[in-house]
Amino acid sequence: MTFTVFLFHLHFKNQMETVTMSTPDIAEVDQFRCRVDEIFQKIDKLEKKVNEVEQFYLNANKKKKSSSKGNSIREEQDKGRHVPSIKKQQQDASQRESTAAKRMQELMRQFGTILRQISQHKWAWPFMQPVDVKGLGLHDYYKVIEKPMDLGTIKNQMEAKDGNGYKNVRAICADVRLVFDNAMKYNEEGSDVHLMAKTLLEKFEEKWQLLLPKVTEEEKRREEEEAEAQLNIQLVREASHAKRVQAISNELYEVDTHLEQLRETVVQKCRKMSTKDKRNLGTAIARLSTEDLNKALEIIAQSNPGLQAMAEEVEIDIDAQSESTLWRLNFFVKDVFEGCDKSTAGNNKKKRKKGICDAIAQTVKKKSKKPSS
């Protein structure tokens, strides 16, 4: 579906304002203008929709380019993929989170067994409660240790029911390591506490290595499930925007058709072009640039199917053209030269005017094909 209708409507409005009717009828002209204004309002709304859809696909393309390896394989798999509804996705997400939470609880239970074994070791007693900094006179403790930690605090946080507890096993593992790292950092190597902390850390790492494969497997599974969920969301959005694009395309076709019908009506009501008008038109066409001349030839070709607009040499017989074609050419060359005269008004206006000229050459065709529903 052509988007030139956005540009063409400005040109059409100029026609409405400058055309000379064969039989002046102010009421009829006002009626035309009201119809055109209604279409313009619809076009403004459509243009916003088009911009929103365009932005969506630009963002989607950026995400695809920045995606990981194997994306092309995934895209092939997605072509025949069934896209679940939003409601179904919400249900799946809730069930997935519930199942994943149960799996994580099981891992944390197994980690709790490790923590209990370490806590029951004969050398674990110095690490079961927070360090009594004041009682032991450790005035520099907080200067050396940034984040104090102990096994008792870890146990309490694992059992917390207020939602502030640990969310995953790796977070607990990090805190257990912190307990012994702090002890070895503050106490000199060779001291009893340093040796006790080092020994317990080694025992903990041995047990942790046995649980680690399960933790890694669970993390990978969660990552794949999240990627799957995000993909489904993206597919639903793309499907929704695809329907939206089709709807916009149909609306644009209707608007384009209405504008074309109005333009034809206006052209038909134009007065008959005089010999002087034709001569001036021929002179103006001769002054067109190569690019604009090709567009003018395309306009002529609409009512002269045998004309080869792209041939190296084309003879134009102004007197042989229909009144409709002559007025189309007249509007076209007028806009071209007005655009040149106003070029100093700024690059944006110049580009807009050039776009209008492009639009005229494209929208003069009546569309015989209806859009797919």
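Each Cβ is built from the backbone N, Cα and C atoms, and glycine gets one as well.
Here is what TrEMBL records for this protein:
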{"type": "COMPBIAS", "residues": "72-81", "note": "compositional bias 'Basic and acidic residues'"}
{"type": "COMPBIAS", "residues": "87-98", "note": "compositional bias 'Polar residues'"}
{"type": "DOMAIN", "residues": "119-194", "note": "domain 'Bromo'"}
{"type": "DOMAIN", "residues": "263-344", "note": "domain 'NET'"}
{"type": "REGION", "residues": "62-100", "note": "region 'Disordered'"}
Take the domain 'NET' (263-344) and count its residues per DSSP category (helix H/G/I, strand E/B, coil), listing them in that order. 56 helix, 1 strand, 25 coil
Would you list the DSSP helix, strand and coil counts for the residues of the domain 'Bromo' (119-194)? 41 helix, 0 strand, 35 coil
Mind looking up the mean pLDDT for the domain 'NET' (263-344) in the predicted model? 80
